[in-house]
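Colleague: Positions annotated as transmembrane segment by TrEMBL: D:7-28, D:34-54, D:61-79, D:99-117, D:138-163, D:193-217, D:229-253, D:259-281.
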Ligand SMILES: Nc1ncnc2c1ncn2[C@@H]1O[C@H](COP(=O)(O)OP(=O)(O)OP(=O)(O)O)[C@@H](O)[C@H]1O
Ligand SMILES: Nc1ncnc2c1ncn2[C@@H]1O[C@H](COP(=O)(O)OP(=O)(O)OP(=O)(O)O)[C@@H](O)[C@H]1O
Ligand SMILES: CC(C)C[C@H](N)C(=O)O
Ligand SMILES: [Mg+2]
Ligand SMILES: [Mg+2]
């Protein structure tokens, strides 16, 4: 469904990604793991075209993503739940969600989508009038995920959804991403919470210094000695 | 007189209590680790120590002197250096100029500052990049520069905020080595790091906080086996 | 960033000999004005380009210096030349107060506050007739009939200003100023009192700008609040001088000053009468277009983007294949 | 007593015009964080549009709103697209480059107008220019009341636009978090163009409504740019209600200052208020009223 | 063919350009006539116009250029007082005669500068015509003075204050304002409360119109409104103020119906040629051109010293009145002319005082309620 082929990318004169290739099949739950600053978020941003690759190609289904303006990516069915939530802090939860459904397709289903995400996250229904900036971290993350889902995507990019969340909330988020996956969405997730992520994912890629150094089934990698050393501190 | 201590240190951001009644002390010459989940208040704690944020209540004592009312630059002058979690190099200066700017803290003459800066760059193994512009550095070098900048102010206490995040395992080992070397040169260190094998290896003592509150303290081994820490931070094995 | 030594030398020699080689008082006058702008532009650049505090209110210091000199003559009955001694310190004092008020503001808010304070100075100077004579202005008699003393005085002031700024920028202060510009938080963390060093930068800047004002009073022999406290003609002109030449460079503002003054005069006089008069009627238009062009295509000014310009030049000569990188 | 009441009344009424000027600025400063030093000059251009329509086509200024506003929308949009947006991508030492660009734009607008119309003073004299209503000896200037009404209407419309429509929400979203807005499918660049255009159209309304009671020459813009800042900072950036409140507060402050301090210092009063607000209430009145 | 060059410095851009243009047109009108009539003893007169943009240092540059580069034999023009002063300084320094035709701050001719001559009245004289009118007709007890805080405005206010003191008129309010105000009501309510017999205003045209319309709106009804020249005499004033301009008096330096030879012809020629009205500024410029031509015809040589002497010896009649440079108190080389009082009546400016030159009888007392109906 998503193919990233030999991509180099970076910010200005700083190159961050080096010849990155990987793929995500339809219906799959794929995970990127790697240290801070390894370039995981940069990969996500490159897929969303927020960062332009200087080399290589990215394909989504039959569409070549290179050169498409970043704001058109969502039309193709890719939703990006960015690192650090990136909510619109001075707008209400409801408004944030509405802004998730600006594409023509999503707009026509706005009511149903709203119902759907409120079912998924009952907490958001309670807080729909609250300004997003005043939500607790966990609630903010829920709001960000829900906002992503409002576009009725085929695939969701989750960038560290458990960032800054208490273990309890982290559990919630994992349960929810799992549930969304069960509902048929393709997921590409970046997580620091390596162990837990590797446990639930179908496929995983390990990123070090902007290069994919390893790939495999989640559980296989969990057993891998290098991974254990690098990410689990064992 | 304790080398460094905090007493009932608390910080509120509006309704949020980012640091809540933290008491800890650091002995001269040790490496003191500060761990805790994201958002638990570690960076905020550093920001309180360095006067970047005023504390809501509590005291901070450095070599017996209360410093919690001082401004950031005075605290630096007293001998507390820090790095930023998100590196803040002086972007349009070269590496050498960056470090020289810090070195002026103790060496008002330009030639002295240059000497001191070169010394620090050698120490941090950045000397070969001294004429590179800071904005073009790789992640690893940026982190090193961040340390070099703090070191060049000739601190007695150095606060390191995730200086090894984003480094490869080998670089991490080298980084840990560097930190040890810094300590051996007589500088006391408080370090925040998420990379467990580094923390476990180099720290003499650890404090683990969550939601701004202490949940455990002690030697690395003690903390690593503490049930609360495992639940909140390390995860269940 | 640095001009080669020989071109510095050449320009010094040329400037020293200029009034002797060019007998026309007209060109001497233009150069005196340009040298005055070298002082103002360089001073502004010290604060804005090197220290990162973009002032939209340098007319405050210029006007203060000019009025110090003017009031020496009109109120104290002593020579306005005392202004050349007092103008700098008085402007510096004003700078201290303004720094104390404005340095708690960052970025654009600082800029807006300086605009506002500049306007307050202008309006108060206009209304406080018992002190300033209001818009009737202050009038003195020029001391010298010849332009040459004024020329060398302006040259000395410009030279001193550029020299002092160069020395400062080579010293600890310079490193500190740039550190504050690049990242104020980061600067604080390495022991730099951003407030103190911003104030120092402002003090030097206001000192020289004040002297330029005092020189203006003595040379032009007439001032009124709308002339010396002007937002557009002084404060914004100072910025344009810096921007066109190149902020954050030593030689940018001097280059900018000469370019601006000469261009303005050239256009104002329709290329010395060679072109039809509508050219002179649209000289401000041309000037505005130039500003837009420079900001759009040479964001760091002529001196700041000189390498880029040279590169473009050599590339167009050698017709190398265009290389995507910039 | 009459002095006080009349002072307040004229302050409030002039506040309506100020509000219109501030409304455009609050959008431009609040959304794009651009300090727009060409704001007054855009207003001046709108006034000339209105003037030409009146002189050559005998169009009533109130009707010209329908032409002046779209015209300025287009001018503003072009400025944003070709002059301001490209600057975002260039790295320069001072982030203030955009501000300086607007200085250049202001100069060019003024000089183009001067080229076309010379520096002559112009005005639009309508039968209602000097009409006034008297209540107990206190005069209420009719065109100012109309301007006030339109200010309230336009700010209500803007309020509705920003709060209730998807497009308006996109404008706010872009202001609050540009990257996230792009991820949501918002064409942020286009939104900035739209916003600068709208801001220009709003200040066009101010100019057009001001013309019947004021006059016009190419240099008229400058002072209004400064007023626009004061109003916007006073009301709080990006706040439509703030623009109205800020405009009225400024109008009253100036009037009281003129009556009880000195007419010559009324602008200084405005500037002092401005500096005080910057320092002690950096968020403007918005921080108190929360809208 | 050789020409005789004279430099003229005027504000052709900037805020005062409107007047600069009237003056430039008048100079050109006169120049055409002079050259058509044979020029300067057979040689053509050439006027080099320079723009001072309303800034003194630019005015100085312009003067330097004309003198040093273009080698003009004398200078003319000088509109704003600050610019005029700057030019005068350069002229004096270079020993080049300068004939001022508009810049009116008193001190310009009080510098003992022997190369600087002024054709127009200084600002302190503007209200002389008014003074006799007040003394013999109105005899007001109280007055309010409103003035723009420019050199012109505050200088005029100062001398009018002195006039009032001399005549025993109590000045109940004297306040400056900065040019370009939108709302004068806060100032005018104070005036209304002070209720003076006379309101004297020194303003440029747009402020003048606003002051009057807003006075009408606030129903301020003194015995008379008087403008101190400048804005109150321009056609735009009545065009903008409409019926609020009616019955307003103004001091003026000149009026086309004055019995000066050619005054009316000048006015008509100007209107015909440029399709615009002209007023005293234009007359000043037009006359200055003739004084320049006359001087250059009489001069022994084109040496500046000779030109200066010829200029000093001027004694001629112009459309602006007789020109003869005298010493007047502290002033030297100052032309001495009377000033007049005009009144707006049915949208037309009428010369009403002194009586012997009046084009129409003054209307006084005035019933404002009727006028403003
Ligand atoms: N906007 C930017 N400009 C310049 N450099 C950037 C920018 N964003 C990120 N970087 C640099 O790119 C590198 C990779 O960053 P990225 O955010 O992709 O890492 P990550 O793997 O997502 O890390 P984390 O776990 O911290 O989220 C880092 O060194 C970072 O400093
Ligand atoms: N300036 C601020 N205003 C409001 N809240 C803040 C501010 N700075 C930090 N916080 C909040 O304080 C809490 C602690 O943040 P802090 O940055 O100290 O965490 P941390 O332990 O350093 O996390 P990490 O491991 O991610 O660096 C967080 O909830 C954060 O959102
Ligand atoms: C100050 C000058 C511009 C005033 C001018 N002399 C006038 O009478 O209008
Ligand atoms: Mg990331
Ligand atoms: Mg942190």
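Note that Cβ sites are derived from N, Cα and C of the backbone, with glycine treated the same way.
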Colleague: Is the count of Cβ pairs under 8 Å between the transmembrane segment (D:7-28) and the transmembrane segment (D:99-117), pairs 6 or more apart in sequence, 3 or more?
Modeller: no
Colleague: May I ask you to check whether the transmembrane segment (D:61-79) and the transmembrane segment (D:193-217) make contact, with contact taken as at least three Cβ pairs under 8 Å and only pairs 6 or more apart in sequence counted?
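Modeller: Yes, these stretches are in contact.
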Colleague: Sort out for me which stretch, of D:99-117, D:138-163, D:193-217, D:229-253, has the most Cβ pairs below 8 angstroms to the transmembrane segment (D:34-54).
Modeller: D:193-217
Colleague: Restricting to the same chain and to residues at least six past its boundaries, which positions have a Cβ under 8 Å from a Cβ of the transmembrane segment (D:138-163)?
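Modeller: Sequence-distant neighbours of the transmembrane segment (D:138-163): 2, 5-6, 9-10, 12-17, 19-20, 23, 27, 62, 65, 126, 128-132, 169, 171-172, 202, 205, 209-210, 212-213, 240-241, 243-244, 247.
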Colleague: Do any residues, 6 or more residues outside the transmembrane segment (D:99-117), come within under 8 Å Cβ-to-Cβ of it, and if so which ones?
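Modeller: For the transmembrane segment (D:99-117), the far contacts come to 34-38, 40-42, 44-45, 48, 79, 83-84, 87, 218-219, 221-222, 225.
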